[in-house]
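Student: Encoded as structure tokens, here's the structure I'll be asking about.
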Amino acid sequence: QVMESIEIQEYESAGLPLLAPAGQTRNETVRASPNEVIPVGAIVGGVIAAFVLLLVVMIVVFAVYRNHLRKESNKNQYAMVDITQLNTATVKKSMIDHEELKDMERIGSGAFGIVYKGKWRETQVAVKQMRAEHVTQKQLEDFLHEVSVTERRRESDREQVSILQGLKAHPNIVTFIGLTLPPQPVSLVTEYCSGGSLYSHLRRVNCSIEEKYKFLNEISLGMLHLHKEKIIHRDLAVRNILLTRHLEAKVADFGLSREQEDTEEASQTQSKVGPLKWMAPEAITSREYSIKSDVFSFGVVIWEVLEVREPWEEKTPVEAALGV
């Protein structure tokens, strides 16, 4: 009984390590005080919990730090672009402050850019932002093609005009709002079409022939408006048609568009333009574009909408081009 009344710790503090006295198990309990017993399992659990918490904190700190480094890197990349070497005279009135874009939510991405949904002055917008690693002088010039870099002769003077900011509003054309340029992120801001792309809608919903006809009619009205404004789209395809919340079709993506004095006359380009399966024969062989080449692409769009399939899907783009 005397042995049982003596705590294990008292033997150990006296330099006399002993086996646990009768009625006590060294591995099961450790007495913090005469009246309190802490299970070893609780101690081990506490240590593990503390370790996990520390690990989570370290991961969060690392993620925040990496995000900070990425933002700084992006800023440096944007700063490397000499905006003074670009002709931005015609787009100055369309430039907006990137800080005004709020509630940015990523909704899509491509090889050169990311698409966000956001708000600008309480208006819901779509923001097409170029990836920082692609912001070179040449890429920025190509990006600005969606807004300007075309010429028109008026009386005796030549003046720079813009494709989007000078385009009159139409219910079947995506409305241009503005853009941001370096040292801020390079972004194109347009109205937000909450219905998504016609491409996805056709594959998600079994549309009736009447609904498909409605889409085609709206696309044709949008293209007619562009042609009356002397603009050749050059990249018309179902993937470039967006839908509103009421499923109204709007022609979008003017990245390859050009303005011409006479849309009936073909113009040539020095660059390779457009996916081959949607291109007219003269566009493939001679790089000539006109209202007629857009009409050819619209014919392919009719096939896409009615069949809900990619044109010539059994052929490679080159094989399709040779066949055309």
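Note that Cβ sites are derived from N, Cα and C of the backbone, with glycine treated the same way.
Sharing the features that TrEMBL gives for it:
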- 37-65: transmembrane segment (TRANSMEM)
- 101-324: domain 'Protein kinase' (DOMAIN)
- K128, R239: ATP binding site (BINDING)
- D235: active site, proton acceptor (ACT_SITE)
- N240, D253: Mg(2+) binding site (BINDING)
Student: Within 10 Å of the Cβ of D235 (active site, proton acceptor), how many other Cβ atoms can be counted across all chains shown?
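Tutor: The Cβ of D235 (active site, proton acceptor) has 19 Cβ neighbours within 10 Å.
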Student: How does the model score the domain 'Protein kinase' (101-324) in terms of mean pLDDT?
Tutor: 81
Student: Take the C-alpha atoms of R239 (ATP binding site) and D253 (Mg(2+) binding site) and report the distance between them in angstrom, rounded.
Tutor: 9
Student: Counting distance between Cα atoms, which of the recorded positions D235, N240, D253 is nearest K128 (ATP binding site)?
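Tutor: Result: the closest of the recorded positions to K128 (ATP binding site) is D253.
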Student: Using DSSP reduced to three states, classify K128 (ATP binding site) as helix, strand or coil.
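Tutor: The three-state answer is strand.
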Student: Does anything in the same chain, at least 6 positions from N240 (Mg(2+) binding site), have a Cβ under 8 Å from its Cβ, and if so what?
Tutor: V251, A252, D253
Student: Given the binding-site residues K128, R239, which one has the fewest other C-beta atoms within 10 angstroms of its C-beta?
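Tutor: The binding-site residues K128, R239 were compared, and R239 has the fewest Cβ atoms within 10 Å.
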